[in-house]
C-alpha cells in the first residue's frame, strides 16, 4: 500500500488558487471574472490557509476545486473563446482591408445567452424573489445613468423599462409595505408571494463622472447584464399572475428613445415618472377591488383562538386597510417636490395624483380642480391657497404608510417643524437606544408623559415670570405681617396671648402629671407591653429615602465580571472577550445617542425660551409705542 504524500488529500485538495484556475480554464483574467460573476462562483476563505495553500504563507485568492470543475462544463466558456477568435480574425480582415469578409463576420458575432444560467441558479420562482434585493437596487441605479464609455445607452434604457414594469406590478398588486427616506435614497419594501423584497431608489442628482479607481463600472455592468435577464423573467411571471398584459403597452408619447430625450436629462426622468401614472391593460375584466385577499379569514376562524392565529388575523386586517389607505384622496404635487417616490406611494395605496402639466408630462388633472384633497408643498408659504384642501409636506405620506393610518395634518402644515422621521426597518424590541417618539408609537401612555413634560416646562417658565413680577409685592406683605406680629407680642406678652407667670404655673402642673403617668406605667403587665409593642410595629410609618451608592454598585459589577472571566475556560477566552467588547461597544453607542438627544432637547428648550423672551420684548415695545401715540 502506497503511503499518501503531504498535501495530496484533505484541505489542500479542496481549494485552488485563482492563477491555477485561470490556467485550467484557459481564459484571461477579465473573462474568468465575468464567468464567475455570471455563474455565482465567489472566492472562499479556508479554515487553515497554510494547509489549503500547500504550505505557502502568502495570501492567495482561493476557490473551491469543485466550483472550477463545474465551470469546465459551462457553454459560456466556449463563447468567450469564440470572442478571442472573432477578435483575431476581424483584426486580420481590417489589416488586409477585406471589408466584405469583415461584414460577413460581424453578422455572425457570437452572443452570450444567460437564460439557462438563471434557471440553474434559481430553480424555483421563490428563490428568484429572495435574491431580488440587490438586483433591483443596482438596476434602479443604472436606470439613472447617462451614456458612458462602459455603460451604453441601450443598457440604461433596458434598466429603466424593467424597473418601471416592476413598479407597475407593485402598484397594481398593492404589495408595498414600508418606506423610508435616507441619505442614500428612498427605501421601499414590498411583500411578494410571502417574500419581503427591499430596494433603494436613488435621489435624483445631476450625474458626476467618477474616476476608474473609485468605481469599476465594467464589473458592475457584468452584474447588470445578468440582473436584467433575471428581472425580465420575474416581471413576466408576476404580470401573468395578475392577468396583466406583458410587455405593458405605454402611450406612444412616453418612453420614446429619441435624440431630444437623450440630450435633455430632465425629460428623460419626466417620461419615466409619467409612465408610472398610467393604468395598465388587463387580460381579463376583473377589477382591482374584486381581487381576493391573500389570507382566507374563514379558514383562520376554524383553527381556533390561539395567539398565532389572532396575530395573523390582526395582520391581515391591517394589510387590508393599508392597501386602500389613500383611496378616495386626490393629491397635487408642486414642482419643487420630488415626484417619483410620491407617485409610487400614492398610486400603490389607491390614491390619485397629478402635477403641473405645463412643466412635466403625464398630468391627469389641473391645480384648480376643486376635488383635490391634499396639495404636497415643500416651501414655507404659497401665494394662492384653496380652502377645500390641506397643504402638507411630503413626509406626511411616508409617516402615514409606516404607521398604517392617516395621521393628523396639523404637524405637517407649511412652515411647521416636522416630527422625527422614524425608520420602520428597525426592531422595536431591540436592546439598543430607542427614541422617545418611537416608544410613544408602541405605548400610547408615553405620549401623555411627553406632553406633560413640555407643559411642565411651560408652567415653570410662567411661574418664573410671575415670581419676577410679584417679588416686590411679596416682600412688602411679609414686612407688614412681621410688624403686626411684633406689636401683638409686645401688647399681650407672647405670641399666643399668655403671660410668663401663667406659663410657669402650667409647666409645674405638667410635671406633676408626668410623674403620675410614670407610676401608672410601672403597674402595667408585661402582656400589655407586648401588645403595645406589636401595635407599634403594625403602625404605618413614613418611608425613608434609600440612597444608592453608585461607586459600590459599579465595584460590585466589576468584581462579578472578573469572577465570570476567571470561570471561562482558556479555549473560550477569546470568544468571551469578543462578546464583552461587543457589549461595551453597544453601551457606548447607546450612551452617545442619549447624550446627543439630551443636547438636542436642551438646545430646543433654550431656543423656545429665547423666542418667547424676544416675543415679550417686541410686545412690550409695541405697547409702549401705542401708549406714546395715544398721549
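We number each residue from 1, going along the chain as drawn.
Any Cβ shown, glycine's included, is placed from N, Cα and C.
Sequence-distant contacts of the compositional bias 'Basic and acidic residues' (428-442) (same chain, at least 6 residues past either end, Cβ-Cβ under 8 Å): 403, 419-420, 422, 450, 586, 589-590, 593-594, 597. The compositional bias 'Basic and acidic residues' feature in TrEMBL is assigned to 428-442 (among others).
Here TrEMBL flags 453-470 (among others) as compositional bias 'Acidic residues'.
Here TrEMBL flags 498-525 (among others) as compositional bias 'Acidic residues'.
Feature annotation from TrEMBL assigns compositional bias 'Basic and acidic residues' to 526-538 (among others). For the compositional bias 'Basic and acidic residues' (526-538), the number of residues in each DSSP class (helix H, G, I; strand E, B; coil) is 13 helix, 0 strand, 0 coil.
Annotation comment: TrEMBL describes 544-553 as compositional bias 'Basic residues'. Across the range of the compositional bias 'Basic residues' (544-553), the DSSP-based residue counts are 4 helix, 0 strand, 6 coil.
What TrEMBL lists as compositional bias 'Basic and acidic residues' is 554-563 (among others). As a summary of secondary structure, the compositional bias 'Basic and acidic residues' (554-563) carries 10 helix, 0 strand, 0 coil according to DSSP.
For the domain 'BRCT' (321-414), the model's pLDDT averages out at 89. The domain 'BRCT' annotation in TrEMBL covers 321-414.
Remark: secondary structure over the domain 'BRCT' (321-414) totals 25 helix, 14 strand, 55 coil, with classes taken from DSSP. If one looks beyond the compositional bias 'Basic and acidic residues' (554-563) by at least 6 residues along the same chain, the residues whose Cβ comes under 8 Å of a Cβ in the stretch are 580.
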